[in-house]
Each structure stands twice: as structure tokens, then as C-alpha cells.
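The structure under discussion appears below in the form of C-alpha cells.
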Amino acid sequence: MPNPPTPLVIGIAGGTGSGKTTVVDTILKRVGRERIACLPHDAYYRDLSHLPFEERLKVNFDHPDSLETDLLIEHIHRLKCWEAVDVPVYDFAHHTRTSQTIHVEPRRIILVEGILIFYEPALRAEFDVKIFVDTDADIRFIRRLQRDIVERGRTTESVIRQYLETVRPMHLEFVEPTKRYADIIIPEGGLNTVALDMVVARIEALLGREHLSA
Ligand SMILES: Nc1ncnc2c1ncn2[C@@H]1O[C@H](COP(=O)(O)OP(=O)(O)O)[C@@H](O)[C@H]1O
Ligand SMILES: Nc1ccn([C@@H]2O[C@H](COP(=O)(O)O)[C@@H](O)[C@H]2O)c(=O)n1
């Protein structure tokens, strides 16, 4: 029996609200969920249940230290060795890790998504393909405002305050500069069909070649 091929690891970075999740969803739909293991960096936010709720609100969630990146790297290594992993489930309304996990089976393609995934060299080195979703800040802010109120239990005031105090300055310091590491930059995110056609075709070509040589 030949050894199974090492999975291909694709990183999808970009600012908050840029359309990263939409890009991931499109790839999953078009390539097939059964062929892809997904690891959102967001799932690895550190648990803050030891702090009173008011203290949690003061945390800078856009600084690299707020995420347990070592655990994400460990999970990528295990998936690359064809071992399953249990990914944490994060609660954005309470800023805590829940008691649940999502069991992720190893697949030929590993998709990793997050605002800061190209920042730390050790994580950046894991990616075979690096994609940066590039969307203007005003559009990203409007999308985030709508999403955080509907999905993350926030108020308009809290979204604006957080954006001005931490999201925007951290984006300029830690996210935007990592665009230079990208192999592919997708303007306007998840509905850019021309760019997504090229990414999907590349993945299909890789999987198709394996199928033919199997
Ligand atoms: N190209 C687009 N045009 C309009 N709305 C979009 C587009 N891409 C994403 N959205 C919407 O913007 C919001 C944020 O997108 P999402 O993919 O979750 O961004 P991210 O994962 O980068 O934070 C979602 O409500 C999504 O439906
Ligand atoms: N408790 C938390 C944890 C994270 N955030 C924000 O999430 C943003 C990243 O997620 P995207 O889906 O928007 O890429 C990041 O900008 C953090 O500010 C939060 O608000 N609360």
C-alpha cells in the first residue's frame, strides 16, 4: 500500500468582514464538504470564563495573543498525519469556549481561515497556498456591524467602540501587512466568481490527478 498523500493546506486570511467565511463556504459547496477539513482560527480564541463579564469586554480580540495558535498548529499537524481532531466551539456572546467540540476528520484538503493566520511565522509556514480576501474597510465595517448585532449579541454602540479602540488599529498593525505573504489576493471576497473559479479549478486539478493515478 502506498503512503497516503500529505494533505494540501490552504490558508484564507483577510480583515474582519472581508468575506473569508463566504469564500470557505463557496469552496466547500463546489469542491464537496466530504473532501475538505475546515479549521477556523476563530474557534481557538482563549477561554475567558475565569474573568467577570465586564472584564472580558476589555480584552483586545484582534491581538495575536488572544488566540491559542499553538493548538491550531498542533491540529494542522495531526490532520496532516491523517489523524482526526476535536476543534473547540467558541461562544462570541459570552467570550468563552463552550464544553462542546467539533470532530474533524482528516481530508486531502485542509482549509484554515482567520484574520491573523499569516501573522505568526510558525503558522504561516504550514500553508501550501495563501489567499488574502481584500475588501475595503468601510464595507467590512458595515458587514461586521450587521453580523455582530444579529449573530454575536452585540449593540451598535459596542461594535463602534470596539472597532475604533482595537479592531481598526490591530488590523493596520497585524492583518493588513500580512497581505504581502499571499499567493492570491481576492478583491471583494466571496462573490468574486472569477477568482473563486481559479481557486476551485486548482483544487479540482490536484484531486483529479490523484484520482487518475490511484
Ligand atoms: N461579496 C459580498 N457581497 C455582499 N455581502 C457579502 C459578500 N461577502 C460576504 N458578505 C456578507 O458579509 C458578512 C461577512 O462575511 P463573512 O464571509 O462572514 O466575512 P469574514 O468571515 O471575513 O468575517 C456576511 O453576512 C456575508 O454574508
Ligand atoms: N470574543 C470575541 C472574539 C473575537 N471577536 C472578533 O472577531 C473578529 C474576527 O472574526 P471575523 O469572523 O470577523 O473574521 C475579530 O475582529 C474580533 O474583534 C469578538 O468581537 N469577540
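Glycine is treated like the rest: Cβ placed from N, Cα and C.
Unlike curated entries, TrEMBL annotations are predicted automatically.
What TrEMBL records for 9-194 is domain 'Phosphoribulokinase/uridine kinase'. The ATP binding site annotation in TrEMBL covers GLY14, GLY15, THR16, GLY17, SER18, GLY19, LYS20, THR21.
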Intrachain C-beta neighbours of GLY19 (ATP binding site), sequence separation six or more, cut-off 8 angstroms: VAL133, THR135, ILE186, GLU188, GLY189, GLY190, LEU191
The one of GLY14, GLY15, GLY17 whose CB sees the fewest other CB atoms within 10 Å, among these binding-site residues: GLY17
Cβ under 6 Å from ligand 2: qualifying binding-site residues of GLY14, GLY15, THR16, GLY19: THR16
Least Cβ-crowded entry, counting other Cβ within 10 Å, from the binding-site residues listed as THR16, SER18, THR21: THR21
Across the domain 'Phosphoribulokinase/uridine kinase' (9-194), average pLDDT on the 0 to 100 scale: 96
For the ATP site built from GLY14, GLY15, THR16, GLY17, SER18, GLY19, LYS20, THR21, further residues of that chain with CB within 8 A of the site's CB center: ILE115, VAL133, THR135, ARG140, ARG143, GLY189
Local Cβ density at LYS20 (ATP binding site) - other Cβ atoms counted within 10 Å: 27
